[in-house]
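Visitor: Provided herewith is a single structure, encoded as structure tokens, for subsequent inquiry.
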Amino acid sequence: MTSSSVVDKPPVRRVAIFGGTHGNELSGVFLVKHWQEHGAEIQRTGMEVKPFLTNPRAVKKCTRYIDCDMNRVFDPDNLGRTVVEDIPYEVRRAQEINQIFGPKGSDDAYDLIFDLHNTTSNMGGTLILENSRDDFTIQMFHYIKNAVAPERCPVLLIEHPSLKYATTRSVAKHPVGVEVGPQPQGVVRADTLDKMRKIVKHGLDFVQLFNEGKEFPPCTIEVFKIMEKVDYPRNKNDEVTAIIHPKLQDQDWQPLNNGDPLFLTLDGEVIAYKGDCTVYPTFINEAAYYEKKQAFVKTVKMKLTAKHIRSSS
């Protein structure tokens, strides 16, 4: 490997850890509150690490949100809305977060944000990637996956031409979603919290090594790229008429082939998957997604390769 093939990246000096973007996803809420009082665990030499509770009103009520989903409103229209009396709470809060940690897309934005989430789906400790060309974040995910092995750490790539998420973490130059489950809403489980805690620890360790001058040679990771959201079967009144089939339930990241069962009606009718290629469903039967008309997400497997990187400092 010659020095000319190394890509210099700016050091990562400002890092935030968000909890409570959804107020009833309690692993991140508990961790952020703990780190606000006892921050030594997350501090690393050469950088500032700020734990931050993003949606305090929803956290206080232990509900997903007050007026609207905060994890979908970090788009130019909402961030630029005039603040009037009836503006949704989460939009006003998004503007405040953008002022503190952004502005989004600017040189002044935070370098890295870990946004901590729980899911009721059987997704394990999942990392969420927003940009397939982000060499730094892909290198970090490679490091984290190796650090937690042999435990699985799937990577979900949410880059898609028509599915726009406008996530809370997208304020940062390098947004990182941490999605750990299964865990019920409004509940905290020690094993789930520990899994999340370890992912953050290894991520921070990577940043410190990078800032200190360690070079990371080219690496390749497997990711699951989002392709389509699939709704439940519904009747003319828009009511759900079939539920997730037992053979699909809890099978996040497992291959789904043409003819495999998807849904089951209460009359016992099986509705099968019709597709010309193998897909890998995830967010299966996620409780928070009933309102979004989403039974699961179809993904396909692919490989991403990151360049050889080092800090430019």
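Just so you know, the numbers here start at 1 and follow the chain as drawn.
Even glycines carry a Cβ here, placed using N, Cα and C.
Summarising the annotation, TrEMBL assigns domain 'Succinylglutamate desuccinylase/Aspartoacylase catalytic' to 12-206. Under the heading Zn(2+) binding site, TrEMBL lists His22, Glu25, His117. According to TrEMBL, the feature N-acetyl-L-aspartate binding site maps to Arg64, Glu179, Tyr289. The feature substrate binding site is assigned by TrEMBL to Asn71, Arg72, Tyr165, Ala166, Thr167, Thr168, Arg169. Positions annotated as active site, proton donor/acceptor by TrEMBL: Glu179. According to TrEMBL, the domain 'AstE/AspA barrel-sandwich hybrid' annotation covers 220-299.
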Visitor: Based on Cα distances to Asn71 (substrate binding site), point out the closest of the binding-site residues His22, Glu25, Arg64, His117.
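Guide: The answer is His22.
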Visitor: Around the Zn(2+) site (His22, Glu25, His117), what further same-chain residues have their C-beta within 8 angstroms of the site's C-beta centre?
Guide: Gly20, Thr21, Gly23, Asn24, Gly28, Arg64, Asn71, Leu116, Asn118, Thr119, Ala288
Visitor: DSSP helix, strand and coil counts for the domain 'AstE/AspA barrel-sandwich hybrid' (220-299)?
Guide: 3 helix, 31 strand, 46 coil
Visitor: Quick one: of His22, Arg64, Arg72, His117, Arg169, which of the binding-site residues has the smallest count of other CB atoms within 10 A?
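Guide: Lowest Cβ count within 10 Å among the binding-site residues (His22, Arg64, Arg72, His117, Arg169) is Arg72.
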Visitor: Cβ neighbours within 10 Å, counted over all protein chains: which one of the binding-site residues Asn71, Thr167, Thr168 has the most?
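Guide: Comparing the binding-site residues Asn71, Thr167, Thr168, the most crowded Cβ belongs to Thr168.
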Visitor: Do you know offhand how many angstrom separate Thr167 (substrate binding site) and His22 (Zn(2+) binding site) by C-alpha?
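Guide: Thr167 (substrate binding site) and His22 (Zn(2+) binding site) have their Cα atoms 12 Å apart.
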Visitor: Can you list the residues of the same chain, besides Arg64, Glu179, Tyr289, whose Cβ falls within 8 Å of the N-acetyl-L-aspartate site's Cβ centroid?
Guide: His22, Glu25, His117, Asn118, Thr119, Thr120, Phe283, Glu286, Ala287, Ala288
Visitor: Would you work out the biggest C-alpha to C-alpha distance among Asn71, Arg72, Tyr165, Ala166, Thr167, Thr168, Arg169, the residues that bind substrate according to the record, and give it in angstrom as a whole number?
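Guide: This binding site's residues have a maximal Cα-Cα distance of 10 Å.
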Visitor: Excluding near sequence neighbours, so keeping only residues 6 or more apart in the same chain, what lies with its CB under 8 A of Glu25 (Zn(2+) binding site)?
Guide: Arg64, Leu116, His117, Asn118, Thr119, Gln183, Gln185
